[in-house]
Amino acid sequence: MPRSRGATSLEPTNDTRVSPVRTALAALLVVAGIAWVIYYTVAVVGDGRPARVADLGSWNFLIGFGLIFLGLGLAAHPSTPLGRGRGVVVGMLGCFLLGLIWIVVYYVTNQDLSIPLIRDLGNYNLLVGIGFMAVGFVYATRWE
């Protein structure tokens with residue numbers, strides 16, 4: 001059957017396929033970043049061991065959150081589920097809301113130092129919240 005001009009095919013093309021490598025790498029970076037931040041906050045901050053990790057100090061937070069932001073930014077590519085269709089809206093709004101909630105929690109609990117990560121980050125909490133919002137803008141550029 002001949003196809004008319006402008007007709008779209010339901011067959012997958014190169015630009016509509018999901019890349020399992022990119023998707024897995026993005027997920028791995030996010031999980032590794034979360035694990036790094038949790039490990040540093042729970043295990044290293046208290047007793048200072050291992051010394052090599054403890055010597056990095058606040059750079060550990062940059063490593064952890066940098067991995068998270070890099071993974072989320074990598075997931076915004078159209079070859080991943082979050083980088084197409086409704087996934088873009090979910091990623092964009094999710095990052096915006098997570099950044100906003102992070103900043104609000106920091107301001108509300110500023111006097112109450114019972115949340116270890118918020119306490120350890122101090123004013124860098126603002127950078128983390130703004131970082132999540134910046135990743136949300138990466139998703140916003142993919143929205144059609």
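Cβ atoms here come from the backbone N, Cα and C positions, even for glycine.
Since the structure is predicted, the reported quantities are computational estimates derived from the model, not experimental observations.
Within its own chain, the transmembrane segment (21-39) has Cβ neighbours under 8 Å at 60-61, 63-72, 74-75, 77, 79-82, 117, counting only residues six or more beyond its boundaries. The transmembrane segment annotation in TrEMBL covers 21-39 (among others).
Look at TrEMBL and you will find 59-76 (among others) tagged as transmembrane segment.
Panel annotation: around the transmembrane segment (88-109), residues 72, 75-76, 82, 115, 118, 121, 125-126, 128-133, 135-137, 139-140, 142-144 of the same chain, lying at least six beyond its termini, place a Cβ under 8 Å from a Cβ of the stretch. Among the features that TrEMBL reports, transmembrane segment is placed at 88-109 (among others).
According to TrEMBL, the feature transmembrane segment maps to 121-140 (among others).
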